[in-house]
Amino acid sequence: MLKISGKEGRPYSLLFRGVSFSMSYEAGVFVALQNFSPDVLKSASRIYGSSSGSVIATVGLCGCDMGKGCRFLFIFQLKTSFLGLVPGGRMMRLLKDILNKLLPPNAHELVSGKLHIILTRLHDWRSVTVSEFASKEELIQAVTCSCFIPFYFGLSPPTFRGVVSSFVVSDFVSPSTITISAFAGEYDICPKDSAAAFLTFQISDCILHISKMNICRLLYIFCPPTRQVSYLQVTRAMSPLQQPSCPDCHLSLQVIDNFYIQGYQDTIYFLKRLSK
């Protein structure tokens, strides 16, 4: 079992970034930390959750079944999707319903002080965190507020104490922050694509690697991963002269399971590096 301390002995924190429909990757990360180095979770001074990362952080800290919870969310995503698009208000309502079913009645007590949900303050668009919750309902409201994407999830954003949505999280990243993302990039725990993927690009404060698999993952920000997507399919989809054809594609939970397994394995690799 590993013991981790922040740089120069300072307290460290964890940051689960927003990854939208690829959140099962971060579920795999959380479970691997629970299984192989639970002290990482117990000793962290703060566990940050941004957008969909707040769902994983909340569900995990409440001791819920991460695999079952992510599958539950995924099934409802399929039911709400239409040609890859999600009706806004309906998705927000379903997210609240799912969290109500998954979280225990005392969820707010289990996470208060430890979980820090990242939100964007409406009047000046600055990022803030919420770490104290008066009730389970208030906790769920904070999570749904953090997950909101303007226009995609609706025109009227949910609010939490006058705060809405979640975009920029750089204010909460320090050398002692363990960053987690389902996208290959400048993070402590993330997918490791081909070594040739040395080119990067930046979205907001996120530095991502340019690779075919990362393009697949980026597509899952707005489209549920309802189909298996291979390198060949991405190449075809990027070509204006040829439409992708995939007779073997089918709706399946295999995609979300693959994300989960990859997150689990990448975390084991991260822990091995720390132990050297």
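Each residue, glycine too, has its Cβ placed from N, Cα and C.
Automatic prediction, not curation, is the source of TrEMBL annotations.
Features reported for this protein in TrEMBL:
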{"type": "DOMAIN", "residues": "14-184", "note": "domain 'PNPLA'"}
{"type": "MOTIF", "residues": "49-53", "note": "motif 'GXSXG'"}
{"type": "ACT_SITE", "residues": "Ser51", "note": "active site, nucleophile"}
{"type": "ACT_SITE", "residues": "Asp171", "note": "active site, proton acceptor"}
Intrachain residues whose Cβ lies under 8 Å of the motif 'GXSXG' (49-53), provided they are six or more past its termini: 15-21, 23, 26, 115-118, 143, 146-147, 149, 166, 169, 180
Residues of the motif 'GXSXG' (49-53) by DSSP state, where helix covers H, G and I: 2 helix, 2 strand, 1 coil
